[in-house]
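Asks: Okay, these came from TrEMBL:
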type	residues	note
TRANSMEM	26-45	transmembrane segment
DOMAIN	38-292	domain 'G-protein coupled receptors family 1 profile'
TRANSMEM	65-84	transmembrane segment
TRANSMEM	104-127	transmembrane segment
TRANSMEM	139-160	transmembrane segment
TRANSMEM	192-215	transmembrane segment
TRANSMEM	236-260	transmembrane segment
DOMAIN	485-549	domain 'BTB'
Amino acid sequence: MAANMTCIRSYVINPMDSASQHIMTVISYSIAILAAASNAFIIYLMLRAKKPRVLKAFYRSHASLFTLSLSFSDVLTGTISIPLQNAARIMNIHSSIVCQTHGILILLFPTITVLNLMVISIEKYLAIFYPFYLPSTRAVRGLIASMWLLGAAITTAYNINTRNIFPVIVNEDSYTLVCAPDSSLPTYSATVFAFLILVFILPIVAQIIFALKIRRHLKQRHRWRPSRQALTLNKFLWLSVVAFTVPCIPWLLYLMINIIFQLKLDYEHDTLARYCTFLSLLSNALINPVIYFFHSTRQFRQVLCNKRSPRCAVIPRGNGGAFAFQAAGGDVAAVNVGGFGDRVIGCTGDVAAICIGGIGDGAIGGGGDGAIGGGGDGAIGSAIGDGVNSDDGAIGCDGGGGANVGGDIGGNNGAIGGDNDDGAIGVSCTMQASPGVGLPHEQEEDVPDYGKVFKESFKVFKEQGPKDSAPQTCNLDFSKQWKRSDAVLTVDNNQKFHVHTATLARVSPVFEELLTPENLAKYPNKELYLPGKNADEFREFLKVLYSAEPVREYKIHFLLPLAHEFKTLVVLKRCEESLMPKVKNETLAFKYLSIAQMYGLEMLRRCCVKILKYKSLPDLRANRMYREIAPKSGWDITEGRVEILESELGQVQTKLSTICEQLITELFGELYTKQSGGRPPPMNATMANKLCFVKDSGIKSPEIRIISEALEKLEKLYS
């Protein structure tokens, strides 16, 4: 972006070529529609799903609430954030408040999505390592509400401190106003780094740590014979990390490189890079439902495949095998298998629960989100029954990874088989996990290269360099018609200025009302007279409005009154930015504080208050401008001064207390040693005991009494 534009250029609204705009619009709205529709479908499925009649141990019903929150934030990203991001190119935003609100709405829902993904990762970790920790529904809802409020607070603070309206050079003849993060703001770099660390870098690092810990845990549980469930769960966890990280990387790199290297791209390349990198961040709303559709709970895939029947097939084997089985639908995806035997047990499970009753004395029954077994962490054991591969109804199966995590069961790719000729059982069954920690069963998709456009833009910058970075000087004076100017402003000495009504109306509400077609029609040749305006001063004022010419200190005394009169926030902001670095001492702080109060320059006022709060009250009163301090500024100075004094007083009190305690301890030691015949003083004596001993000694000696009284006074002073 260009920082200095000293030539007079005409204002254009949308300088991008139509082909690029059409391509960006088609891509962005395609992502928005797919993201909104797919996430809305997930919400519909989860609200329509039946809840289990009886909640069992390890059932983590709150996982669906986190998924609903994630899907809802993704729906809002597709319906609000992406359309607003696309519309930013054609919106005529000339108010800083509108610009910041626009940025908040764009970034709010992606930020909440990141927080939702972070909480879901924590839920997966707790489900594996702390299956007995089940928070209440009220606590979960409070956590979700807190996430949304935290996302709103973070996004608001980020946009207020970074987003602004500033002019950008398009070419030699034109410029445009851009509503985007402004790197020239004093709080830009610190705010961006804090935002990236808090919202992106920390969640990415945390997700990687959780995935590594779960992977190590699964390897330990299945080190003898790796199960298919462990492999698929590990694959799903890393797929989630990649799906969260890849869309964020282009935007993170763009911001960090722009801060570190201060890129000077031309308008088209800068707009394209900024748009594409941020769109990759918003595309995360589409990646989340893809994972849920193809790598998560059974009800999603059942509806997609239009399968209402149970997913378990019973395969009878042997001569006289008689058994019964049942699989429930909805959230209760349980399998009950019963047969002959002395203790045949059948039970219902939840989502990933498997209950088996077989033939023989060693029939097994399990229930809950993590079925019971000997070899798994809250899962069905790897070898259960009267005897593995024996003729007496043996059952071989692989346990899942932990609570709320189910999977395929069987000695061979999800089959339970027996070789008993009197009634063996064979079942082929594939189960799914709960929405919060679903297991993948598909191949990982190829991740597109979202940073390609940014790399090409950076390559162009590296090869060609910033061509327009050097300041240019033009000395146009608006004395004749130029660039289709459509109005004339006349000031003192009959000096005429040819201006553009659209340009002035966008930056000033006063000009917007003054230069309406109805009002201009009242004057011949559309010529308006502005009384009391110096021609040279008004010319400089128009130069700053049109070309973003840098404001020098000697011009501020007449630019500020004109900017305040015509309510041109662009000129006021530029004057404020020019004055803030000059506030270096008390005299200048008083001077510029008066200016800031008069023209409403809040950042300049805070800068002056920060210096004046370190001055004592006599020093403040000694200045002749002390009486001109406004009540709000005076209150801020007083608050800052009180905070400083409280801090200094606390340090003095601490130092005095330390000195008094050392004095009492030394005096106590000398007196005790003298009175006890050379014995050392006790080490565990408290300060109160030491004071009492010194006071008692003062009764016998006038000198000690004087010292004791002095210590009492000191004690009252610092206590």
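Even glycines carry a Cβ here, placed using N, Cα and C.
Not measured: the values here are computed from a predicted model.
What's the neighbourhood like for each of these?
Replies: Sequence-distant contacts of the transmembrane segment (104-127) (same chain, six or more residues past either end, CB-CB distance under 8 Å): 60, 62-63, 66-67, 69-70, 73-74, 76-77, 80-81, 84-85, 88, 133, 143-144, 147-148, 150-152, 154-156, 158-159, 199-200, 203, 206-207, 210, 213-214, 237, 240, 244, 281-282, 284-285, 288, 402-405, 436-437.
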Asks: Could you give the mean pLDDT over the domain 'G-protein coupled receptors family 1 profile' (38-292), rounded to a whole number?
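Replies: Within the domain 'G-protein coupled receptors family 1 profile' (38-292), the model's average pLDDT equals 79.
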Asks: Which residues of the chain, 6 or more past the ends of the transmembrane segment (139-160), have a CB below 8 A from one of its CBs?
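Replies: Distal contacts: 62, 65-66, 69, 100, 103-104, 107-108, 111-112, 115-116, 119, 191-192, 195, 198-199.
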